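According to TrEMBL, the protein has these features:
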type     : residues  : note
TRANSMEM : B:6-25    : transmembrane segment
TRANSMEM : B:32-55   : transmembrane segment
TRANSMEM : B:67-86   : transmembrane segment
TRANSMEM : B:117-135 : transmembrane segment
TRANSMEM : B:155-179 : transmembrane segment
TRANSMEM : B:186-206 : transmembrane segment
TRANSMEM : B:212-230 : transmembrane segment
Amino acid sequence: MIRALRSDYFCLAESKRACGLVTSRAPASRGALWAFGFCHLLLMNTSDSEEDSYNERSALVQSESPTIPSYNQDHDMSLPQETDTKRRRTVSSGLVEPGPVEREQASTPDGEEEELTLKYGAKHVIMLFIPVTLCMVVVVATIKSVSFYTEKSSQRLIYTPFEEDPNSVGQRLLYSLLNTIVMISVIVFMTIILVVLYKYRCYKFIHGWLILSSLMLLFWFSFMYLGEVFKTYNVAMDYPTLVMIIWNFGVVGMICIHWKGPLRLQQAYLIVISALMALIFIKYLPEWSAWVILGAISIYDLIAVLCPKGPLRMLVETAQERNEPIFPALIYSSAMVWMVGMADSSNPDSTDERRRNEGGARAQEGVESEDDAAQGGRRRYSAEEELEEDRGVKLGLGDFIFYSVLVGKAAATGGDWNTTLACFVAILIGLCLTLLLLAIFKKALPALPISITFGLVFYFSTDNLVRPFMDSLAAHQYYI
Amino acid sequence: MTLAVFFGCAFIAFGPSFALFVFTIAKDPLRVIILIAGAFFWLLSLLLSSLVWFIAIKASNSQDLSLQRGLLIFGVFFSVLLQEVFRFAYYRLLRKANEGLAAISDDDGSAISVRQMAYVAGLGFGIMSGAFSMINILSDSLGPGTVGIFGDSQYYFITAALMTLALTLLHTFWGVVFFEGCEKSRWWVIAAVVGLHLLVAGLSLLNPLYEGSLPPVYVITLLMGVWAFFSSGGSLQSLNALCTCKI
């Protein structure tokens, strides 16, 4: 069934995936096929829109947010009335607004706030460096060892319908541009649908969509991945064991991501699914299209977040007005909040819109006992510790995915490790700069453009300029 | 060309810098950021110097081997100069950042001192330089092959690893000394660092005559280590205290 679904929906011819893992199946029903396909579509969109929305949200303070008192103007006024929610909201806006500290000292000079910004900024940058690095390491390790993901097949995603002809440069360029236009239009269209659904409060639909997408990632893509790894290392594996492994992996993943689970496990699962998604992109996007798509998506991100009428911005503003969290399942969060004590839905969820402590989702799913215990426990902490606990960061999974696609493609083409390393450093520096700009401008900024730009610049220049230079130096053993 | 060579060379080249990273840098986020930014600056300098070299290569006759070699040597020296320029640029950037941090901190000091930043920046340069020199060679050493089949030296891998180690340590020491020289406005120190870097690069031009390149480079490394130690505030008393465990 899976095989038939794949071959129909993805318009793929089943490749030389011999033996082993695929057995004959009954033909797929049309309904199942559409459900599966829709899942895939949703998934593609979701990752991006999540990324987009989370870029918006993963940015720092939105200065036009109606619910957050602007730090500079209102904090004096809002201090006396600050309830727990407000405090948490301001606190959790991450790098810029240290709420509790502000409460501790009645009049906090801007300087201290900024210093806290920078001190906590460094910690948050590292809290993001580590998962991004891990995701890239997983992708690069897979690319370098499992040849499946670098084999070019005639199969393509339906989002990139034009096949690139390696012989003609002009045609290749044209087709990659067309592919990019198709892909970006699909993404924009899906984001608009999402916004419309959200506006008309079709929450069940959205949640179902998300669950279907993560189901597909956790079961189908990991099954494929595991199959390829076994093939590479020539490991003999029987179906019952495989089913057990995939079943356990998938179910625990669904629980951790959509419900409750240990923080580290949830983070690990999110990293793994981002890596899997990135590997799929690397495999199925044609060569030049991938690069153009990377560039185009960062431009789209920039436009969608900074333009007043962007779908992202509307989504975020709607969520703010309603005080609801958005899509808790597809953000990477680095710290747990047990202090989001409000069990009702009027939780500060503009919490979900920026870098802050999550838990929002978990709290909302009714972690009552945890909240009570947390409430009690929280009061015993010093403000300092609360501040520490509060300041987790969040980053959208789409960011992870596209960073890993860039580094993975750098690793896949050419086999030169210098290029991969250069792209890796460039992306990390881009992330660092993005956070710095956020701290300076105090405005919502997208996370993709700077990193992807640096990554692309470094990829092309290292591949074409530095590589011959370093190769010549190594040949003569000259050292610079 | 086996795992033994791979692991041996990897540990020789990257062992000390990895240890330095784990013990002194990994715990402090600010230092990690400064390290990665240092690596980025080194990368930028390499990029620019490769660009210049590439243009020179394309503009010249590719059949003339001695010209190509000459251009490569020019590339080496130009790259060294550019690295030092970028080291200075990084120094200025770090000073600004440090001033910013100090200005807004209420306890009259910033989270990190210039000397620590000098060390971390130097290590960043060193790690990146070492990685770029060594990683491709390491990955080649995993695969099949015969070293020196065309008459080159058989000691390629080990000498590459040793040279990489020396350069990593040298970059660290140069970072410390350079920043100290900039702080105290002692321009002769800066000139000495640049001169020594050029000297080390020049010595590497003697390869594969390893007797001419490796021992002198290690002597220079040792001397630089001593200079960096004294320049960053160490003294014989502190060494003594260390040895007799009085710290």
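Including glycine, each Cβ sits where the backbone N, Cα and C put it.
What TrEMBL says about a protein is an automatic prediction, not a curated fact.
Spatially, the transmembrane segment (B:212-230) is adjacent to the transmembrane segment (B:155-179); three or more Cβ-Cβ distances between them are under 8 Å for residues at least 6 apart in sequence. Same-chain neighbours of the transmembrane segment (B:6-25): 31-32, 35, 119-120, 123, 126-127, 130-131, 134, 137-138, 141-142, 157-158, 160-162, 164-165, 168-169, 172, counting only residues six or more beyond its ends whose CB sits under 8 Å from a CB of the stretch.
Taking Cβ pairs closer than 8 Å, the transmembrane segment (B:186-206) reaches residues 73, 76-77, 80-81, 83-84, 88, 163, 166-167, 170, 174, 177-178, 180, 212-213, 216-217, 220, 224 in its own chain, all 6 or more past its ends. Counting only same-chain residues 6+ beyond the ends of the transmembrane segment (B:67-86), those with a CB under 8 A from a CB of the stretch are 41-42, 44-46, 48-50, 52-53, 56-57, 60-61, 125, 178, 190, 193-194, 197-198, 201-202, 204-205.
Through the fold, the transmembrane segment (B:155-179) approaches residues 5, 8-10, 12-17, 20, 38, 84, 87-88, 91, 114-115, 117-119, 121-123, 125-127, 129-130, 133-134, 137, 141, 147-148, 189-190, 192-193, 196-197, 200, 204, 207-208, 210, 213-214, 217-218, 220-221, 224-225, 227-228, 231-232 of its own chain, all at least 6 residues removed from its boundaries and within a Cβ separation under 8 Å.
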